[in-house]
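Report on the following structure.
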Amino acid sequence: MAKYVMALDQGTTSSRCIIFNERGLIVSVAQREFKQIYPKGGWVEHDPMEIWATQFSVATEAMAKANIEASEIASIGITNQRETTIVWDKRTGLPVYNAIVWQCRRTAQICDELKEKGLTETIRNKTGLVLDAYFSGTKIKWILDNVAGAREEAEKGNLIFGTVDTWLIWNLTKGKVHVTDYSNASRTMIYNIHELKWDDELLEALDIPKSMLPEVKPSSYVYGETNSTLFGSSIPIAGVAGDQQAALFGQMCHQEGTAKSTYGTGCFLLMNTGEKAVKSENGLLTTIAFGIDDKVEYALEGSIFIGGAAIQWLRDELRMLKDSPESERYATAVEDTNGVYMVPAFVGLGAPYWDPYARGAIVGLTRGATKEHFIRATLESLAYQTYDVLNAMREDSGIDLKALRVDGGASANDFLMQFQADILGVPVQRPEVIETTALGAAYLAGLAVGYWKDKKDVAQNWAISKTFEPDMIKERREELLEGWHEAVKRSMNWEKSE
């Protein structure tokens with residue numbers, strides 16, 4: 001009897017493997033970082049062979065650490081950095097170019113050309129996404145246009161495309177399976193999220209041959225099994241979701257109106273909107289959350305560019321902190337920020353402002369402002385930005401949030417989580433297992449093979465470590481938010497456009 005489920009968590013800076021038991025608890029973890037490649041300013045690449053090598057090595061390491069055989073693993077779930085684009089030769093299995101990472105801005109000009117052709121609204125209506133270099137479509141076009149011989153080989157049917165999940169499955173099955181799931185397909189900018197198919201009009205606009213594209217399947221589904229030479233015997237590959245969608249599933253946000261926020265370098269907020277795709281009027285993305293039980297659920301997504309990175313800035317550039325956890329001690333040493341607001345718009349502002357020309361600002365300084373006030377204001381900025389995104393979600397969906405579920409590094413900061421609850425006016429729930437991304441992938445994989453019976457079965461595993469109840473009067477909350485919005489205004493449109 002298989003006792004465990006394995007999650008492969010392929011992130012932007014490292015590959016991890018976590019093995020979970022039936023209660024959703026961690027049995028074993030292995031992690032390996034890999035190289036970031038920056039060929040030019042604004043360009044970011046990874047070596048696809050290194051992605052595969054690190055991911056395979058951590059899987060074998062996690063099994064060895066816990067003394068687990070392949071026969072004891074019920075299934076494998078995969079969660080991955082989204083949008084990152086790989087094109088390879090299906091005859092040799094070798095990439096024709098490095099993986100172009102989601103952060104890479106090299107295709108901004110292709111996006112401008114599509115805007116000039118009047119495709120902004122078409123893309124928005126069909127894919128739920130804003131026209132941006134972030135997504136995979138323009139990255140595929142760039143590889144076909146710029147790698148010698150790539151377009152000819154693609155047109156002959158020899159080259160295939162995949163996001164990172166697809167690349168891992170191809171390698172795990174030794175080239176037998178070319179597949180992705182709904183959540184990853186919905187981040188390519190060439191997938192119609194309403195009709196659930198690759199979109200011919202968008203493929204034509206980007207000049208991408210349809211033969212390159214993987215088959216799209218539900219997020220909880222047996223896609224194939226690992227080649228038996230890899231782990232000693234074959235294991236079903238049965239769950240796939242992009243990292244943020246996997247975290248939404250792992251946080252048990254299975255009902256319409258439930259939401260989670262991941263506090264990492266940036267912050268990612270997703271709200272489950274059920275079986276309807278809500279079009280945003282506030283600059284949020286409409287995306288597929290997951291496909292499970294023969295139905296597709298949608299989500300609204302908002303991203304905050306600078307979250308935990310603002311605390312790293314205090315530590316590394318300003319040298320105000322020895323380590324990030326120390327920020328909590330300083331922030332709680334004062335009663336408030338003494339009127340100081342910090343807007344961390346270091347690279348512009350994301351949702352709902354979308355101002356690339358905004359820059360970081362500190363306002364409200366007086367002679368009485370201290371280091372403690374400054375650190376507290378920086379922490380508070382994460383909560384204010386989260387409020388802005390959730391408020392936009394409420395306006396778009398008409399759904400009032402009942403509670404916010406949190407994960408990621410900065411969710412361990414009790415001061416920040418309490419302030420978040422105060423500013424939102426709803427409880428903030430931090431679960432016992434904060435590795436929710438890997439957990440979500442494990443749940444999707446376990447459900448597909450009957451390791452867990454149904455969503456109710458996995459929901460029983462979800463346990464709250466701590467709930468932060470709002471404890472601020474409405475007038476004070478409104479006063480603080482008014483100050484924040486005034487500060488944001490002053491940071492906007494600072495950098496001159498070229």
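Placed from the backbone N, Cα and C atoms, the Cβ positions cover glycine too.
According to Swiss-Prot, Thr12, Arg16, Gly308, Gly409, Asn413 bind ADP; the candidate from Thr60, Thr262, Thr265, Thr366 that the record adds to this site is Thr265. Tyr134 is the residue from Tyr38, Tyr134, Tyr191 that Swiss-Prot records in the glycerol site together with Arg82, Glu83, Asp243, Gln244. Within 10 Å of the Cβ of Arg82 (sn-glycerol 3-phosphate binding site) there are 25 other Cβ atoms, across all protein chains. When the C-alpha distances from Gln312 (ATP binding site) to the binding-site residues Thr12, Arg16, Gln244 are tabulated, the minimum falls on Thr12. Rounded to a whole number, the C-alpha distance linking Thr12 (sn-glycerol 3-phosphate binding site) with Gln244 (glycerol binding site) is 13 angstrom. Those same-chain residues not listed among Arg82, Glu83, Tyr134, Asp243, Gln244 yet with C-beta within 8 angstroms of the centroid of the glycerol site C-beta atoms are Gln81, Thr84, Trp102, Arg187, Gly242. Here the C-alpha separation of Glu83 (sn-glycerol 3-phosphate binding site) and Thr265 (ADP binding site) works out to 18 Å.
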